[in-house]
Amino acid sequence: MSLNRVSSLETFAPLLTENRSRRSSDASTRARKISFNPLPAEWDPPALEQIQAVGAFEVPRWKRTLQVVVAVIYCLFAAGIVFGYAAIKPVLKREGAYRDVCRPDPNDEDAISEDTCVEIHLNLMFTTAAVATNVAALPVGAILDRYGPRVCGLLGALSLAIGALFMSFENKLPFDGLLFGYLFLALGGPFTYISSFQLSNAFPKNSGLILALLTGAFDASSALFLVYRVIYERTNEAFGHQSFFLAYLVVPAAIVVIQFVLMPAQSYKTVGELVEEIEEPIAVDSGAFDDQIDEETALLHEEERQHRAEVVSGIQELLGTTKADKQARREERKNEISGVWGVMHAYTAWEQIRSPWFILICLFTVVQMTRINYFVATIRVQYTSLLSSPLLSERINDFFDLALPLGGILSIPFIGIILDRTSTLTVLTTLVATATTIGILGIIPHSMLAAYANVCLFVLYRPFYYTAVSDYSAKVFGFRTFGTVYGTIICFAGLLNFSQSGLDYLLHETFGGDPVPVNVGLMATGLLIGIAMVLFVGVKARGIKRKLLEEEARGAFGASTREWTH
């Protein structure tokens with residue numbers, strides 16, 4: 001799952017147009033709301049009306065606070081639990097998962113072993129879930145924009161309940177209950193997680209903190225299966241996966257109750273929408289003259305002015321004018337630091353998708369997402385071979401299960417600092433260099449130090465990578481087409497993650513369990529694409545900087561000429 005991190009859910013900076021300098025400012029520029037709808041505006045059905053947003057100042061502070069706290073808690077139990085696959089995989093193996101379909105045929109000498117068959121089936125279960133998590137962002141975005149967060153939350157609860165029931169009764173179903181159960185658990189995550197983003201607008205002055213808490217809850221949710229595995233082992237395997245997933249039904253049931261009792265049916269208005277509400281003029285009946293206004297009409301006008309004054313007061317208290325101005329200046333500085341901000345903002349979504357800016361980041365994402373999910377699915381198998389010891393590989397696996405959620409949480413503040421204070425070129429170069437380092441550490445045999453270093457670097461790189469891709473999309477392509485462009489990147493990369501099944505076959509059958517050839521191939525492919533991407537962005541960034549300097553020089557020359565003339 002990708003971490004959809006952007007500075008906020010909207011930007012204060014003006015969009016680049018053909019006739020406007022990238023550094024020019026416009027005091028009247030409206031804040032642009034980020035859209036999670038993957039469909040371009042011109043494709044969106046006009047017949048359906050979007051649910052009306054509500055201003056946060058209209059809801060009591062205690063209720064908004066409780067909404068944020070409760071959302072963080074249920075995201076902790078639902079947002080990304082399928083990514084704790086490495087922790088639950090050993091449990092499912094001990095419980096006999098897929099043994100009935102993987103019994104070897106004694107008459108078939110070319111048949112794969114039972115253990116390899118089970119491994120491939122379980123990894124396919126995780127791969128399908130990982131793909132679904134990414135692809136689901138497309139319909140979730142459209143549903144959220146169209147019907148509001150409550151509908152998304154209820155659909156998420158329904159998916160989680162179906163998934164838990166399928167996982168619990170998988171051996172009694174006429175189809176692959178584990179695969180479809182894990183699939184529905186994966187689908188429930190984006191519905192609950194993405195629909196919670198709008199709560200950052202409940203407290204605009206603290207939107208960054210709220211987004212960080214939700215992101216942290218998503219990362220930490222993968223630890224749920226780790227906790228379950230510990231309970232499973234402490235109870236001498238008495239608390240099986242059937243009992244666990246039946247108990248898990250409490251989570252979707254609680255989400256349903258919370259959606260109706262506490263959570264908002266519609267999204268909170270963004271800062272830009274609140275500012276527009278303040279500046280919207282009061283409607284005046286142009287057909288009425290001052291001498292024709294009776295006492296009743298005058299009273300109505302006075303009530304309207306009083307109501308508007310109360311609304312403006314509530315919005316100003318909610319936003320904090322001084323802080324909003326500081327945030328606007330901070331956003332402008334970050335855009336300048338990026339070096340490529342706004343380069344594709346003036347283009348349509350289709351023109352953006354056809355550009356090298358999109359193609360290179362999309363190809364790089366395909367390779368890196370495949371590497372990340374492949375490592376999560378096969379870490380124990382890989383280190384059983386590299387360390388030549390099942391016991392040592394189990395230690396690495398246990399360390400990874402704990403480090404994965406912790407790494408996501410601990411990296412949040414550092415990711416924000418890196419993305420906000422360094423150029424996009426520097427960020428991309430760091431991504432490529434780190435991915436290559438992980439690849440090298442992942443092929444060093446008989447070294448526990450290299451194994452631990454690889455895991456530590458991996459759990460920090462994973463959230464950094466996903467966050468950097470969304471940040472790149474926002475800065476290069478803009479918020480106007482964010483849902484379409486970023487959704488296409490993640491969807492395409494997710495679908496190609498099905499190649500993991502082929503990589504599994506190569507690992508177990510072609511290379512006899514040796515992970516080095518597959519890891520080298522993935523590392524080399526990622527490095528080649530990464531170098532091409534960094535070179536392209538570097539050349540373009542230098543060209544943009546040169547043009548800006550030329551514009552400033554012409555502006556300074558024109559100003560000095562006018563002074564000399566006068």
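Placed from the backbone N, Cα and C atoms, the Cβ positions cover glycine too.
Now, the feature entries from TrEMBL:
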{"type": "TRANSMEM", "residues": "68-88", "note": "transmembrane segment"}
{"type": "TRANSMEM", "residues": "124-144", "note": "transmembrane segment"}
{"type": "TRANSMEM", "residues": "151-169", "note": "transmembrane segment"}
{"type": "TRANSMEM", "residues": "175-197", "note": "transmembrane segment"}
{"type": "TRANSMEM", "residues": "209-231", "note": "transmembrane segment"}
{"type": "TRANSMEM", "residues": "243-262", "note": "transmembrane segment"}
{"type": "TRANSMEM", "residues": "357-379", "note": "transmembrane segment"}
{"type": "TRANSMEM", "residues": "399-418", "note": "transmembrane segment"}
{"type": "TRANSMEM", "residues": "425-443", "note": "transmembrane segment"}
{"type": "TRANSMEM", "residues": "449-465", "note": "transmembrane segment"}
{"type": "TRANSMEM", "residues": "477-498", "note": "transmembrane segment"}
{"type": "TRANSMEM", "residues": "518-539", "note": "transmembrane segment"}
**OP:** Look over the recorded stretches 124-144, 175-197, 399-418, 518-539 and say which has the most C-beta pairs under 8 A to the transmembrane segment (68-88).
**Re:** 175-197
**OP:** For the transmembrane segment (357-379), find every same-chain residue at least 6 residues outside the stretch whose CB is under 8 Å from a CB in it, and list them.
**Re:** 83, 85-86, 89, 122-123, 126-127, 130, 134, 343-344, 396-397, 400, 404, 431, 435, 439, 442, 455, 458, 462, 465, 469, 472-473, 476-477, 485, 488-490, 492-494, 496-497, 499-500, 503-504, 507, 515, 518, 522-523, 525-526, 529-530, 532-533, 536-537
**OP:** Look over the recorded stretches 151-169, 243-262, 399-418 and say which has the most C-beta pairs under 8 A to the transmembrane segment (175-197).
**Re:** 151-169
Original post:
Are there 3 or more C-beta pairs under 8 Å linking the transmembrane segment (449-465) with the transmembrane segment (399-418), counting only pairs at least 6 apart in sequence?
Top reply: yes
**OP:** May I ask for the residues of the chain that lie six or more residues beyond the transmembrane segment (449-465) and have a Cβ under 8 Å from a Cβ within it?
**Re:** 3, 215, 219, 368, 372, 375, 379, 383, 386-387, 392, 396, 399-400, 403-404, 406-408, 410-412, 415, 418, 431, 434-435, 437-438, 441-442
Original post:
How about the transmembrane segment (477-498) and the transmembrane segment (124-144): at least 3 CB pairs under 8 Å, pairs 6 or more apart in sequence, or not?
Top reply: yes
